[in-house]
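What TrEMBL lists as transmembrane segment is B:6-28, B:64-87.
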Amino acid sequence: MTRTSALMRVVALTAIYLLVLTSLHPGDILTGVVLSGIFVAAARRIRPLGPSPAAPWFRRLVGVPALVGGTLVDVAVSTWRTALWCLNLRRTRPGLVTVPIPACGAPSAAAWGVRVGITPDTVVVDLDEERGRMLLHVIDARDPDAVRAEQLRSYERRQRRVFP
Amino acid sequence: MISVVLDVIGAALLLVGLTLMTISLYGVLRLPDTFSQLHAQGLATGPGVLAVLASSVATENAAIITFAVLAIVFVTLTSPVSGHAIARSARHRGRRRQVE
């Protein structure tokens, strides 16, 4: 993490802190800066995420609507499937499926994990970006190849531009 | 007019959120193993909570809506992580039991 990106993180966290307090009192700003600084320093020591994706930021920014909109669609579809499954209106066979993930950095793998994890019909059990695989528990594991294809298609269409 | 529309949207989102939470509770009680229960609880901690928070648009209060947006971002980032942590420990526990 460069000094600039660390500074950006401190500023962003301080802004969130002040938004939560809805205050611009100098004491609150100082407390926010100190707390954010401690948090950013601690997070860096606990587990550095590695370099950010090399793609230019404006190209990544263009992909954000597709990422957010596509993820919302995924969540809505997955919510419907899971609700039917919970109510026993949809018979499936839940199980574990290993999904190969393309060579990507830790930030990209983490984004993939969060994106998949927010949909209720998939739970991320293990994520190994070094070996390039993700272990998922899905509510319908009758066709593991279909699950893999759906995950890879979703990565290509929604995430790749923002987190390559 | 806009106020009425926001009221309707807020009420609909609240209804959807509470329905999802109820289904989630039923699923957690009915389903047999930890992994399956995680899918059920994912309904409440993901879309359920998000819908309830999004229903704050009906208040038309900037402060409340800002808090709700911050909470939505927080829940979106933390809910998958907590689900992953529970799933991972469930898998390790299952492996340990097999070894024993």
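Placed from the backbone N, Cα and C atoms, the Cβ positions cover glycine too.
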Worksheet item: Near the transmembrane segment (B:64-87), which residues from the same chain, at least 6 beyond its ends, have a CB less than 8 A from one of its CBs?
Response: 34-35, 38, 41-42, 45-46, 49-50, 53-54, 56-57
Worksheet entry | Contacting positions for the transmembrane segment (B:6-28) when only residues 6+ beyond its ends and CB under 8 Å are counted | 36-37, 39-44, 47-52, 54-60
